[in-house]
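> Pasting the feature list from TrEMBL:
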- 29-437: domain 'Amino acid transporter transmembrane' (DOMAIN)
- 67-89: transmembrane segment (TRANSMEM)
- 110-133: transmembrane segment (TRANSMEM)
- 153-170: transmembrane segment (TRANSMEM)
- 182-202: transmembrane segment (TRANSMEM)
- 222-241: transmembrane segment (TRANSMEM)
- 261-282: transmembrane segment (TRANSMEM)
- 302-326: transmembrane segment (TRANSMEM)
- 354-371: transmembrane segment (TRANSMEM)
- 377-397: transmembrane segment (TRANSMEM)
- 409-431: transmembrane segment (TRANSMEM)
Amino acid sequence: MAVVPPIPEYAENGPKELDAGSLFVLKSRGSWLHCGYHLTTAIVAPALLSLPFAFTLLGWIGGMICLSMAALVTFYSYNLLSLVLEHHAMLGKRQLRFRDMARDILGPGWGRYFVGPLQLGLCYGIVVASTLLGGQSLKFIYLLSRPNGSMQLYQFIIICGGLTLVMAQLPSFHSLRHINLVSLILCLIYCACTTAGSIHIGHSNKAPERDYSITGVGINRIFGIFNAISIIATTYGNGIIPEIQATIAPPTTGKMLKGLLLCYSVVISTFFSVAISGYWAFGNQAQPSVLQNFMLDRMPLLPKWFLLITYIFTFVQVSAVSLTYLQPTNVVLEKRFSDPKKGEFSIRNVVPRLISRSLSVIIATTLAAMLPFFGDIMALFGAFGCIPLDFILPMVFYNVTFKPSRKSIIFWGNTIIALVSTVLSLIGAVASVRQMVLDAKTYHLFANM
């Protein structure tokens, strides 16, 4: 088998060879369209079904303001990251990973001890949460067809994990381009189904009595507001912008912006339609997933076939989300266990890849089955992971790289966004821990939730 020569990566002192993780997983062969598919799958995930619930903690005005501001700030933030990456690529130092950016811009310690572990923990946590959500979707499909069925949640999680284990063997991020195109189409379909379902129920005689007053009183309301902000921030979160841009074939200039425009056309159409229709239909009775409102006392408020289609598409799309967020873990595993001087599909590299990726998925599936309350933990991950990676570091990277004048609007705009996001991250973390303490009595390993 032919040996693939490593592509040079340029450092300050000259060219250096890429490690196996960057060479095999982050192949730079994609177009801006492929980039748009990856971005959409990373952002438009079933977590957006919690947006009506966030509105119950914020109300109409607060919810619309937070949803709109988060869209503007994240689009701006991701574009800043792209500009920084393009700038370094033009200087001959193309950065392929978030930790590479932190290392080159802030110093080696930032990449190795802060950004690298933070991103890896967040992305792996999303894989666990996606596996759990996939299992819950399968369980709902099962109960819809067999209401008295005896299968437990952990069994459906194992089925979902098995699918992810097989698909995780796709060698590179670029290999997911067609899967993520399907993912983009599916998210549009199940969001359309969710919106149509909410509107139908809202106009039917089965509609609940709507109350748009903000839930909670006193300190509970205050923490609820910050919890809702964390939910919205996490829903817009990405955390893998550099890795997605790394899949674009050079030259990269302008391609990421096109991908972002494609992505945010889907984001705006899905996020706002689901949030507005769900909150309009159910008011402050909206559940953590609006799909839960489609059942009343275990009786469906919509035709069974309609619910089945919605949940099947949700399950398939969340599988694509798992694969997308596995890529940073795959980069680390390939770097540790593969040899860049051997062929990508040589026995020397295929066997370690198969074993390491399979173990990675098995561990994630086991955690999802053991911790069906992992959603509460992910709220904490969102506060500590999504907000720093998506709202704080891009502003810092841009200001340090381009050094805009301290009298300029862009410098102070970036600084204010970073400072406000830092405060929100800390308060959101406290609110998440508090919610975990309140819910602790319901936590049981392998619970059939």
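Residue 1 is the first one shown; counting continues down the chain.
The backbone N, Cα and C atoms fix where each Cβ goes, glycine too.
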> Please identify the stretch among 110-133, 153-170, 182-202, 302-326, 377-397 with the greatest number of Cβ pairs below 8 Å relative to the transmembrane segment (261-282).
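Stretch with maximum Cβ contacts: 182-202.
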> Hey, which bits of the same chain come close to the transmembrane segment (354-371), Cβ under 8 Å, at least six residues off its ends?
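Cβ under 8 Å, 6 or more out: 124, 127-129, 131-132, 135, 153-154, 157-158, 160-162, 164-165, 168-169, 326, 329-330, 333, 336-337, 377, 445-446.
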> Which residues, given as numbers and ranges, are at least 6 beyond the ends of the transmembrane segment (110-133) yet have a Cβ under 8 Å from it?
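Result: 45-46, 98-104, 157, 160-161, 164, 239-240, 314, 318-319, 321-322, 325-329, 332, 361, 364-365, 367-368, 371-372, 374-375, 377-378, 381, 384-386, 388-389, 393.
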> With the transmembrane segment (67-89) as the reference, find which of 153-170, 302-326, 409-431 contributes the most Cβ pairs under 8 Å.
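Comparing 153-170, 302-326, 409-431: 409-431 has the most Cβ pairs near the transmembrane segment (67-89).
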> Looking at the stretches 182-202, 302-326, 409-431, which one shares the most CB pairs under 8 Å with the transmembrane segment (153-170)?
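Highest pair count goes to 302-326.
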> Using a Cβ cut-off of under 8 Å, list the residues of the same chain at least 6 residues beyond the transmembrane segment (182-202) that approach it.
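Hits for the transmembrane segment (182-202): 36-37, 40-41, 44-46, 48-49, 52, 210, 266, 269-270, 273-274, 277-278, 280-282, 290-291, 293-294, 301-302, 306-307, 309-310, 313-314, 316-317, 320-321.
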